[in-house]
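Features of the protein shown, as given by TrEMBL:
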type	residues	note
TRANSMEM	B:32-50	transmembrane segment
TRANSMEM	B:62-81	transmembrane segment
TRANSMEM	B:87-105	transmembrane segment
TRANSMEM	B:112-134	transmembrane segment
TRANSMEM	B:140-159	transmembrane segment
TRANSMEM	B:202-221	transmembrane segment
TRANSMEM	B:248-268	transmembrane segment
TRANSMEM	B:274-294	transmembrane segment
TRANSMEM	B:301-320	transmembrane segment
TRANSMEM	B:326-352	transmembrane segment
Ligand SMILES: Nc1ncnc2c1ncn2[C@@H]1O[C@H](COP(=O)(O)OP(=O)(O)OP(=O)(O)O)[C@@H](O)[C@H]1O
Ligand SMILES: [Mg+2]
C-alpha cells in the first residue's frame, strides 16, 4: 500500500519546550489511524506542523508523493489535507447552511452544491437546522458540522483532533459510524483521541506520542498490552 | 455550442446573478422589500420636481458620500477590517480628478475618463496598501492605525505643496489651500455637452450610480466571494483551513472599498470643483466610521440609509456651527455603541422584521 503521508525527522521547539522531537511517521492511504498520548504530548502541535501553521526546525513532510514542507497552509489544504480542530472551528454567527456553503462552494456550484449540502445535513443529522446560527448548536452538533465542513474541501487525508471531546456515548458511537462512512469513500483518517473505546471502534493501528516523540506504534491490542504505554498514558487516562 | 444554447446559458447566468440580489448577507427580501425600495427610488427621483436647484444640488452632495460609506461597509462590516483611512483613497482620487481634468480639459466627455482614471488610481493605491498590510500580517486594531497613518501622511504631504514647483502639468497642487477650478462632469451630447453642475442633472446621475452600486454590492456580497468575506470576519483561521488564501480575499475587499472611496472623492471634486488636504485629515477620516457604525456596518442597506440620514442630520446641525455638529456626531457614535452596537438602522430593521413575522403567524 502506498503512503499518503510520510514524515521524516520532524522537529520543532518553542524555546525550551520541544513539541516534536524528530518524528518519523507514515500513514498508508485509505486507513484509519489513531494518535494517542498524554496531555501536552505534542499531538495538536504535530497536526499544526502537518498543516503548516508551525514551520518545523528540521524534517520533511511528504504528502501524496510530493514534498509539502515549504507550502503555506491553504496550499496544503488545496492539495487534499483537511482538519477538524480540537476547539470547534466553525463560523458561529453564520447559519449552518452558510458554514457548509463556504466549505463546499469552491468545488461545487449551483444544483450540485445544493444537493451536497442537503446530503451533508442528513449525514450530520442537522436537517431542519439550516438557518440556525452555528454557534447555538449543541457541542456535539458543532463537532459534526465541522467534520462535514472539513469534508467540503474534498480531502484525501482528514485530520481530526479529539472529534468526540464532550460528546455523550451515543454521539460518540454515531461519530465513529460517520468516520467509517467517510473512510469507505476513500478518505484516509488520522485522529487524535483519548477515549480508548472510540479508538477501538475506528482504528486498527495506533501511534503513541510522548514528549514530542513516537513512543510506540502498533495494533490496538499491542498498545494496550504495552507496559510503558500503560504507565505513561492509560494509567492516567481516567484522571 | 449553438447560438440558442449560449443564449440559454447567458440567460441562466443572468438569472443566477439576479437571484443573488437576495441572500443571507443582505437584509430585505421579497415583494415587500423591493416594493419599498422602488418607492424610495421613485420618491428620490421625484424630489427635484419639488425642490429648488440649490437644494437638489445639496442632496446630490449627500449621495456623493454614500459610495465611500458602502465601501467601508464592505471592508469593515463584512470583511471585518476596520479601516480608519478611507479618506486616503477619497483624497487621492479627488486630486487625481483635478489634475487630470485641468490637464485634459472637459471636451469630448474627457471628464468621464478622468472620473474612471481617478477611481482606478484610488483603487490601485488601496490594492497596494492592502497588499502590504494583509500580506505583512497586520491585523485587528493595527489596520486602523496603519490606514489612519496613510491618510494623515497624505494630508501632511499635500499641505506642503504650496510652492510653484508642485505642479503636475497645468495643475498646481496649491498646498494647504487645495486645488480648485477644475471642470465639473460633462456628458458629451449632440449639439453641445451637458455640464453637470450641482443641480438636478448631477443629482440624477448620482442617484443612478447609487442604485447601480448598491445592487451590484448586494450581488457581490451574496456571491461565493461575499460568503468568504463574512467567514473571514467570523474566523479567518478556519477560512484558511478550508483552502482559501485569506490575505488575497482581504486585499481584494480592501481594494474594492478603496475604489468606492475613490469614487466619492472624484465625484466630490467634480461637484464642488475644489479639493483640499483637509479632506484627508483626522476629522474627515473619522466621519465615515460614524456614518457606517450608526447605520449598521454589517448590512449594506443599513449602511446606505444610515449614511444619508446621518449626513442630513449633520448638515442641519452645521447651521448652528460645525464644531457643535461634530460633538453631536461623537455623542451619536457613543449612543450607538452603548444602545445598539450593531447599528441603529440594523436594530430598527430587525425590529420591523420581527413585527412582520409575528403578525403573519
Ligand atoms: N505556540 C506554542 N508556544 C509555546 N509552547 C507551545 C506552543 N504550542 C504548544 N506548546 C506547548 O507544547 C506542548 C504540546 O502541546 P500540544 O497542544 O501539542 O499537546 P497535545 O498533545 O495536543 O495536548 P492535549 O491532549 O492537551 O490536547 C505543551 O506543553 C504546550 O504548552
Ligand atoms: Mg491537543
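Backbone N, Cα and C define each Cβ position, glycine as well.
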Contact between the transmembrane segment (B:32-50) and the transmembrane segment (B:202-221) (3 or more Cβ pairs under 8 Å, separation 6+): yes
Range from B:62-81, B:112-134, B:202-221, B:301-320, B:326-352 with the greatest count of C-beta pairs under 8 A to the transmembrane segment (B:274-294): B:326-352
Surrounding residues of the transmembrane segment (B:248-268) on its own chain - C-beta under 8 Å, 6+ positions past either end: 64-68, 70-72, 74-75, 78-79, 81, 83, 86-94, 96-97, 114-115, 118-127, 129-131, 133-135, 185, 206, 209, 213, 220, 225, 228-229, 232, 239, 275, 279, 288
Close approaches to the transmembrane segment (B:140-159) from elsewhere in its chain (Cβ under 8 angstroms; 6 or more beyond its ends): 81-88, 91-92, 95, 129, 133, 173, 175-176, 178, 277-278, 280-282, 285
Remote residues contacting the transmembrane segment (B:112-134) - C-beta distance under 8 A, at least 6 residues beyond either end: 88-90, 92-94, 96-97, 100-101, 104, 143, 146-147, 150, 185-187, 246-247, 250-259, 261-263, 265-267, 269-270
